[in-house]
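Peer 1: Take a look at this one; I'll ask things after.
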Amino acid sequence: MTSKESKPSRTTWRGMEPPLRETWNQVLQELVKRQQQEEEEQQGLVSGKKKSWVSIDLLGTEGKDIKKVNIWEPCEKWFAQVVWGVLWVLQIVLWGCLMWEMRKGNQCQAEEVIALVSDPGGFQRVQHVETVPVTCVTKNFTQWGCQPEGAYPDPELEYRNISREILEEVYKQDWPWNTYHWPLWQMENMRQWMKENEKEYKERTNKTKEDIDDLVAGRIRGRFCVPYPYALLRCEEWCWYPESINQETGHAEKIKINCTKAKAVSCTEKMPLAAVQRVYWEKEDEESMKFLNIKACNISLRCQDEEKSPGGCVQGYPIPKGAEIIPEAMKYLRGKKSRYGGIKDKNGELKLPLSVRVWVRMANLSGWVNGTPPYWNARINGSTGINGTRWYGVGTLHHLGYNISSNPERGICDFTGELWIGGDKFPYYYKPSWNCSQNWTGHPVWQVFRYLDMTEHMTSRCIQRPERHNITVGNGTITGNCSVTNWDGCNCTRSGNHLYNSTSGGLLVIICRQNSTITGIMGTNTNWTTMWNIYQNCSKCNNSSLDRTGKGTLGTVNDLKCSLPHRNESNKWTCAARTGRKGSQRDSLYIAGRDFWGRVKAKYSCESNLGGLDSMMHQQMLLQRYQVIRVRAYTYGVVEMPQSYMEAQGKNRRSRRNLQRKKRGIGLVIVLAIMAIIAAAGAGLGVANAVQQSYTRTAVQSLANATAAQQEVLEASYAMVQHIAKGIRILEARVARVEALVDRMMVYHELDCWHYQHYCVTSTRSEVANYVNWTRFKDNCTWQQWEEEIEQHEGNLSLLLREAALQVHIAQRDARRIPDAWKAIQEAFNWSSWFSWLKYVPWIIMGIVGLICFRILMCVISMCLQAYKQVKQIRYTQVTVVIEAPVELEEKQKRNGDGTNGCASLEHERRTSHRSFIQIWRATWWAWKTSPWRHNWRTMPYITLLPILVIWQWMEENGWNGENQHKKKKERVDCQDREQMPTLENDYVEL
């Protein structure tokens with residue numbers, strides 16, 4: 001008990017901190033990183049990319065060589081950069097204000113910024129089950145120190161289904177073995193109880209009939225329950241599969257269990273709470289025991305083919321290699337030798353972890369005859385094995401202190417006068433109320449068996465191991481591709497134990513029976529050359545070989561002293577078995593699948609026994625169906641979005657940006673300016689929301705602390721009530737004893753015994769008090785001790801109440817401090833000068849509207865300029881028709897005096913006549929009618945520009961006052977007749 005100055009202790013377990021935590025620096029770095037990524041993605045929308053200008057070609061072709069010039073581009077770039085910089089400054093200021101507000105001393109720290117989230121799995125796996133508190137629930141709670149039934153939910157009525165996906169995510173298809181301490185505590189209590197009353201029990205006889213047989217026989221049944229926040233996962237469907245196949249020997253290093261369906265419960269199924277060693281169990285346990293007959297998973301395994309493996313795959317629960325049945329902390333419960341049959345280490349004890357995988361299942365006794373396994377009569381006389389399996393305990397079995405027959409119908413029941421609790425033996429005499437000689441046919445029985453070669457995934461058939469001198473070279477008897485992992489690719493034509501050189505370079509011993517059936521393959525990486533060098537170094541084996549001789553079924557080597565080499569007890573190579581002094585007796589040496597070169601004395605590849613388990617191992621096996629979890633259905637933790645979600649969001653943003661229209665810089669500047677004004681209005685609410693959330697988080701945390709303190713008060717009160725109840729039970733027992741004494745005194749007084757010097761009072765029986773002495777707490781404490789514990793409970797409860805009241809006061813204070821949004825804004829900033837700009841809002845809006853109108857006007861003017869430039873490029877070709885004036889005949893003869901036709905080099909001055917306004921209008925109107933603009937309704941307003949274009953053309957040709965004249969040009973005149981000249985209405989023709 002701690003002192004009153006220290007913090008009061010809790011009755012529940014600690015270690016309930018949030019599973020995930022992040023520092024504020026990590027959060028800030030993450031935010032900055034995401035902001036930089038968004039900026040890189042958005043780069044180029046405002047600057048850095050050239051926007052294409054719209055051009056209009058009246059002739060239907062684009063002027064590829066004409067360079068477009070935007071006179072507003074420098075202004076747009078400069079203004080956009082200025083606005084962008086202002087927005088960046090505003091953003092930095094807002095972030096700085098937010099960080100300053102969150103770093104205030106009276107607010108929660110960055111580590112305390114938490115969120116109430118739902119755990120995706122709903123629970124957390126507990127690997128160290130010895131740290132989990134547990135209690136028992138039974139009807140006989142007054143005798144056993146357990147809780148009454150109803151204190152915990154019934155697992156058959158209240159449970160939660162767990163999906164297969166969550167099971168695979170948490171357990172990775174590996175339902176592990178757990179050495180639970182709960183059964184060990186029960187065994188420790190029984191052992192302590194027997195030791196404290198050992199002297200009294202030695203004086204008893206087998207005629208004494210007591211209620212203690214319910215305890216010994218395991219009739220008191222109950223459940224194991226775990227308190228919140230712990231729970232139990234009860235598997236409903238499971239199967240086993242091999243893992244880590246050894247490529248040298250072919251055995252499975254691990255057999256894993258895959259649970260595909262489970263339920264979360266608070267308590268286990270009902271089971272015997274305590275019992276001594278026994279053979280058969282009650283029929284109430286049959287379903288639970290049968291559930292441990294785990295079948296192989298539906299995968300490609302050789303043992304699933306009954307033609308290759310008669311009987312199919314093995315069924316049962318595989319206790320893994322390396323499991324520790326009794327941990328080091330309770331080594332005093334181990335005893336000298338293991339009492340559990342095949343559940344033992346390599347020395348037959350429980351001190352070391354298991355060296356071989358052990359299977360436990362409910363036995364199938366349908367094929368047994370007179371208490372013996374099938375084909376038992378066909379065994380060799382005196383042998384304890386048949387069909388490759390060595391059986392322990394066939395004939396006589398130990399059951400609840402009695403020797404009974406393995407034949408359930410014989411009814412043999414001999415009392416031994418001893419009880420085995422774990423590895424300790426206690427003399428005890430009792431006459432049980434149950435029928436010892438009953439026919440126990442149909443009762444469930446545990447069967448413990450071991451595959452020493454651990455090749456259960458290949459075959460469930462047990463074989464008798466070959467002796468080393470029966471291993472010979474299989475010349476021509478083995479075909480196919482043989483290996484320790486592929487038995488099906490191998491064929492044999494003769495029974496025997498064939499030494500074969502594998503394709504991988506090692507050696508194989510192929511066991512062939514019935515001239516064609518391969519029952520086993522043992523292998524090693526040692527090649528033939530290395531083995532033969534060892535063989536040649538053996539004494540007197542230079543001229544020997546491993547060839548098969550003899551007419552036996554299996555064959556043998558020629559010289560028994562030159563068999564397959566092995567390492568002797570001195571770890572030296574030898575080829576001969578050890579013999580006696582006279583040389584008449586010779587050791588039987590066998591070859592094992594996992595020890596190819598060792599000195600193996602075990603004849604059979606399997607070991608099995610019936611029964612032999614006490615309540616501790618019975619509970620331990622039934623509890624393997626359960627896994628302890630820590631419920632985290634609603635807990636505090638930091639939410640971290642997965643990377644796939646962030647990538648999906650980034651893709652969505654990019655797709656949305658690609659779908660947006662490409663706008664020019666000035667439009668984006670206007671939009672950003674509007675957004676900046678809106679952001680300035682919303683930034684205040686955002687900061688106020690952050691402040692309000694900060695206060696709210698503090699209040700929620702205070703409420704959580706107050707609730708936790710109240711929970712501690714409830715737990716301490718419950719512990720105190722339990723202690724008071726214990727004192728009341730002691731008081732009841734003592735008062736009952738006093739009443740019995742008073743009653744007897746009154747009876748003796750009526751019988752006139754009062755005149756004696758003392759009353760005729762006999763000693764009362766105290767068996768009832770002895771029944772409860774084995775529990776973990778002592779019920780026979782003195783009143784002074786009980787009062788002292790009550791005072792300690794009261795002091796602890798007072799401290800907890802004060803702490804709870806303080807936490808509640810803090811929670812109420814924090815709850816009252818939560819302000820509304822506007823008060824939070826006033827607290828965060830000084831808004832007296834911030835709202836002065838509101839009077840300029842109308843002017844700002846008018847300015848924005850004016851900018852928009854100006855922008856529209858500039859767009860219209862720009863389009864008009866583009867249209868004018870295109871129309872201005874229309875060219876007309878002037879065709880001058882020169883009509884020769886008539887000349888005198890006498891002059892004609894004079895001009896033709898050179899002997900030519902008079903038209904070879906004649907030049908006239910070009911006579912040019914100016915176009916009238918009507919001619920220009922006709923040409924322009926004809927160009928408009930033939931242009932593609934006339935067919936598009938969006939360009940119809942451009943028709944209003946035609947008069948301006950006509951005036952401009954006329955002024956360009958004639959000048960402002962018509963003073964401009966064309967320069968005279970001399971042109972060649974074709975000498976043609978006037979009748980052949982074209983007749984035109986005017987002098988201008990459009991080309």
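Backbone N, Cα and C atoms are what each Cβ position is placed from, and that goes for glycine too.
Below, the features straight out of Swiss-Prot:
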- 107-840: topological domain 'Extracellular' (TOPO_DOM)
- N206: N-linked glycosylation site (CARBOHYD)
- N381: N-linked glycosylation site (CARBOHYD)
- N403: N-linked glycosylation site (CARBOHYD)
- N435: N-linked glycosylation site (CARBOHYD)
- N470: N-linked glycosylation site (CARBOHYD)
- N475: N-linked glycosylation site (CARBOHYD)
- N527: N-linked glycosylation site (CARBOHYD)
- N537: N-linked glycosylation site (CARBOHYD)
- 697-747: coiled coil (COILED)
- N705: N-linked glycosylation site (CARBOHYD)
- N780: N-linked glycosylation site (CARBOHYD)
- 788-823: coiled coil (COILED)
- N796: N-linked glycosylation site (CARBOHYD)
- N830: N-linked glycosylation site (CARBOHYD)
- 841-861: transmembrane segment (TRANSMEM)
- 862-991: topological domain 'Cytoplasmic' (TOPO_DOM)
- C864: S-palmitoyl cysteine (LIPID)
Peer 1: To the nearest whole angstrom, what is the C-alpha distance linking N403 (N-linked glycosylation site) and N435 (N-linked glycosylation site)?
Peer 2: 14
Peer 1: Sort N403 (N-linked glycosylation site) into helix, strand or coil using the DSSP assignment.
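Peer 2: Where N403 (N-linked glycosylation site) sits, the three-state DSSP reduction gives strand.
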Peer 1: Count the Cβ atoms, other than its own, that fall within 10 Å of the Cβ of N705 (N-linked glycosylation site), considering every protein chain shown.
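Peer 2: Step by step: centre on the Cβ of N705 (N-linked glycosylation site), count other Cβ atoms within 10 Å, giving 17.
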Peer 1: Sort out the sequence-distant neighbours of N475 (N-linked glycosylation site) for me: same chain, 6+ apart, CB within less than 8 Å of its CB, listed by position.
Peer 2: D547, R548
Peer 1: Within 10 Å of the Cβ of N537 (N-linked glycosylation site), how many other Cβ atoms can you find? Include all protein chains, please.
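Peer 2: Total other Cβ atoms inside 10 Å, all chains included: 13.
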Peer 1: Of N470, N527, N537, C864, which is closest to N705 (N-linked glycosylation site) if I measure between C-alpha atoms? They're all recorded positions.
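Peer 2: Going through N470, N527, N537, C864 one by one, the closest to N705 (N-linked glycosylation site) is N527.
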Peer 1: So of all those glycosylation sites, N435, N527, N537, which one's Cα sits nearest to N796 (N-linked glycosylation site)?
Peer 2: N435
Peer 1: Within 10 Å of each Cβ, count the other Cβ atoms, then let me know which of the glycosylation sites N381, N527 comes out lowest.
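Peer 2: Across N381, N527, these glycosylation sites, the one with fewest Cβ atoms within 10 Å is N381.
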Peer 1: Please identify, among the glycosylation sites N381, N527, N537, the one with the smallest Cα-Cα distance to the residue listed as 'S-palmitoyl cysteine'.
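Peer 2: Of all the candidates listed, N527 is nearest in space.
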Peer 1: Tell me, if you would, which residue among N403, N435, N470, N796 (glycosylation sites) has the fewest other CB atoms within 10 Å in the structure shown?
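Peer 2: Minimum Cβ neighbour count within 10 Å, taken over the glycosylation sites N403, N435, N470, N796, occurs at N435.
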Peer 1: Given the glycosylation sites N435, N470, N527, N537, state which is nearest to N381 (N-linked glycosylation site) when distance is taken between Cα atoms.
Peer 2: N470
Peer 1: If you measure N537 (N-linked glycosylation site) to N527 (N-linked glycosylation site) at Cα, how many Å is it?
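Peer 2: Cα-Cα distance, N537 (N-linked glycosylation site) to N527 (N-linked glycosylation site): 16 Å.
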